[in-house]
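What follows is a set of notes on a single structure, which appears directly below.
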Amino acid sequence: MNVKIDGRRKINSNVIVPPDKSISHRSIMIGSLANGVTEIENFLFSDDCLATINCFKNLSTDIEIRNDKIIVKGNGFALSAPKQILDCQNSGTTTRLLLGILSTQEFESILTGDSSLKKRPMKRVTVPLSQMGAEFEFLEKEDFLPIKVKGSKKLKPIEYTLPIPSAQVKSALIFASLKAEGKSVIKESPKSRDHTELMLKHAGANIKSWEKDGVYTVEILPSQISSIKIKIPSDISSAAFFIVLALICEGSSVVIENCILNPTRTGIIDVLKQMGAEIKIEDVENRNGELVGKIVARSSNLRGVKVEKNDIPRIIDEIPILAVAAAFAEGKTIIDHASELRVKESDRIKTTVEMLKSFGAECYELENGLEIIGSREKLKSAVVNSYKDHRIAMAASIMACAVEGESTILDADCVSISFPNFYDILFSSTKKI
């Protein structure tokens, strides 16, 4: 599906963005491994999260969608061997966290995915899990899906420092460590998003975490986990698109309520504020360890910045839309130390640069990042290849709203990966200037 957007639009709305994708995935996983019945409200019914549900159903977890809730009947890590291959579709989170969970199970499983997921490296997860005693076989190409997994009931505890901060790798090791024969210690620097730790602590797992001298440490002891009740807040990664839309469009403002404000996720707010963005955070409350609140953003004159290395893990999913903001800013923006972007749904360094250039922006690809020379006057409408990457498609759509003329976003239906009603909200909440 291609989408046409007539530019020079503005927004003055309260926008309801989808539930948080990271927490939606983890709620199904924790519910499946818990003892008892987990109730989940405000779940994200996107392609990625549905892949997680289907995989756990294939592992014999009883998951029921009941009105606006999901009911998960957990069996305390007593999963059953799947009768078919576990298809993770396009979801890296499903795949990598499942590798950790399946490492605790004695049966064999095979995981696969779509053509995009098959290009994403998996040894970063399988190497430390192998050290714990799980067995992996790459069935087609070394380091890539499909993978055969054989777990163990006698996993060895691990002390492991992540070479590159990654919430997915860290989470896989945490899940496996819950069933290891002793204390495991996982370290990373800087800290990546910590939803797994917070949610497992809420479910009664024996987990401690702390930061010292720039190093984040998680200590895990073998644990049973209890069922939870959770209402999932809105996803700040999805909110970021409408925040930037308000910042770069003349006479615009947006209000987003019930949004996740976990400090490991608010890097996009911090960097935009450094660029001069008028953004306010209001009505903050703590829900089971997660901060939730209201975000208000208004049209702003932005300036270029150099993004700090320690901020990269906190903005890794938002870099395409941050780059759009940078194209409208005055001066140079440098985003570096972001090699992880090379192995996302697309090579997001390359595809973000190509997307910006399509609109006439001056930008350059760096080895591990990008450099953008902002100039609103140079920007024009465009036909943009999304590369079937949901975050590229949405970032391009926001840019199309702010430039003059009609733009076309190719393969725009990929937004269903994380934000199925993105275009409904975009067109209903904006109007021509």
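Glycine is treated like the rest: Cβ placed from N, Cα and C.
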Given Swiss-Prot lists LYS21, SER22, ARG26, SER166, GLN168, LYS344 for 3-phosphoshikimate, the same-site residue among ASP62, ASP311, ASP317: ASP317
DSSP-derived class (H/G/I helix, E/B strand, else coil) of GLY92 (phosphoenolpyruvate binding site): helix
Those binding-site residues, out of GLY92, ARG120, ARG391, that come within 10 angstroms of ASP317 (3-phosphoshikimate binding site) at the Cα: ARG391
Residue with minimal Cβ packing [other Cβ atoms within 10 Å] among the binding-site residues ARG120, ARG391: ARG120
Protein Cβ atoms within 10 Å of ARG26 (3-phosphoshikimate binding site), excluding its own: 24
Cα-Cα distance linking GLY92 (phosphoenolpyruvate binding site) and GLN168 (3-phosphoshikimate binding site), given in Å to the nearest integer: 8
Winner by Cβ contact number (other Cβ atoms within 10 Å) across the binding-site residues LYS21, SER22, SER166: SER22
Distance from SER22 (3-phosphoshikimate binding site) back to GLY92 (phosphoenolpyruvate binding site), taken between C-alpha atoms, in Å: 11
